[in-house]
């Protein structure tokens with residue numbers, strides 16, 4: 001078999017949907033977690049500097065921000081592991097589907113994964129059998145999961161519903177910063193609005209960011225315009241937009257995972273007549 005023919009058969013058997021979804025998932029999660037973390041830090045600095053001088057006014061806000069940042073850490077770790085499992089599931093089920101259709105039976109990765117799941121070669125040496133036995137138990141557990149794509153369909157479906165809420169929440173700070181930026185544009189171009197510049201304000205209390213007794217709690221007129229021109233505000237605004245885009249990319253990847261996994265499961269169940277693999 002020539003090199004080109006071998007590469008062509010590998011490409012034919014590759015689960016392209018799972019590969020694209022995994023890459024999109026890792027990209028989206030990295031963008032959401034990295035930019036979201038820095039955007040929350042920038043928001044904390046803006047509140048402390050311009051909207052309130054009393055620590056008690058934004059003490060609860062800081063706790064909430066830190067809680068979201070810890071959530072981001074957990075999200076990054078979880079999606080890294082789950083994305084790798086979904087990619088392995090894609091190789092595993094795609095090999096079985098190719099076998100049913102009589103195509104190239106499995107990919108090189110699928111063969112390696114199958115060998116790993118079945119235990120692989122035995123260990124050597126005094127501690128070899130013990131290590132091999134422990135590794136076989138882990139692989140056996142992994143094989144049970146990879147052999148049941150319906151579990152991945154259910155988990156990914158629930159995860160997609162949860163991520164829809166995360167996606168909606170990531171749009172809230174973008175909306176707040178966009179309103180503030182629009183107000184600054186009106187202040188910078190007085191001819192575009194009939195209101196006086198002094199009445200154009202950004203009130204953090206209105207969005208529930210600060211309590212109503214916070215002072216000053218809002219910034220108006222030329223002071224607000226000067227804030228919008230700072231690098232901190234512009235950077236934080238763009239970071240929230242990037243985090244929103246990352247959340248959208250992650251949502252698309254999860255939907256792609258659902259479609260690919262559901263298709264493989266349906267083919268294996270209907271055309272494979274329920275054969276376990």
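From the backbone N, Cα and C atoms, a Cβ is placed for every residue, glycine too.
Swiss-Prot annotations:
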DISULFID  184-228  disulfide bond
DISULFID  201-220  disulfide bond
LIPID     199  O-palmitoyl threonine
TOPO_DOM  2-10  topological domain 'Cytoplasmic'
TOPO_DOM  37-59  topological domain 'Extracellular'
TOPO_DOM  89-151  topological domain 'Cytoplasmic'
TOPO_DOM  179-238  topological domain 'Extracellular'
TOPO_DOM  269-277  topological domain 'Cytoplasmic'
TRANSMEM  11-36  transmembrane segment
TRANSMEM  60-88  transmembrane segment
TRANSMEM  152-178  transmembrane segment
TRANSMEM  239-268  transmembrane segment
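Feature map: annotations from Swiss-Prot on the structure.
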residue	record	DSSP (3 states)
184	disulfide bond	helix
199	O-palmitoyl threonine	helix
220	disulfide bond	strand
228	disulfide bond	helix
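Taking 184, 199, 228 as the recorded positions under consideration, the smallest Cα distance to residue 220 (disulfide bond) is found for 199. The two recorded residues residue 184 (disulfide bond) and residue 199 (O-palmitoyl threonine) have their Cα atoms spaced 12 Å from each other. Residues of the same chain lying 6 or more positions beyond the ends of the transmembrane segment (239-268) and with a Cβ under 8 Å from any Cβ of it are 15, 17-18, 20-22, 24-25, 27-33, 35-36, 38-39, 42, 79, 86, 89-90, 93-94, 96-97, 100, 149-150, 152-153, 156-157, 159-160, 163-164, 166-167, 170-171, 173-174, 177, 275, 277. The Cβ of residue 228 (disulfide bond) lies under 8 Å from the Cβ of 180, 181, 184, 234, each of which sits 6+ residues away along the same chain.
Each residue of the topological domain 'Extracellular' (37-59) gets a DSSP state, and the totals for helix, strand and coil are 20 helix, 1 strand, 2 coil.
Residues 65, 68-69, 72, 173, 204, 209-211, 213-219, 223, 227, 232-233, 235-236, 239-240, 243 of the same chain sit 6 or more residues outside the topological domain 'Extracellular' (37-59) yet have a Cβ under 8 Å from a Cβ within it.
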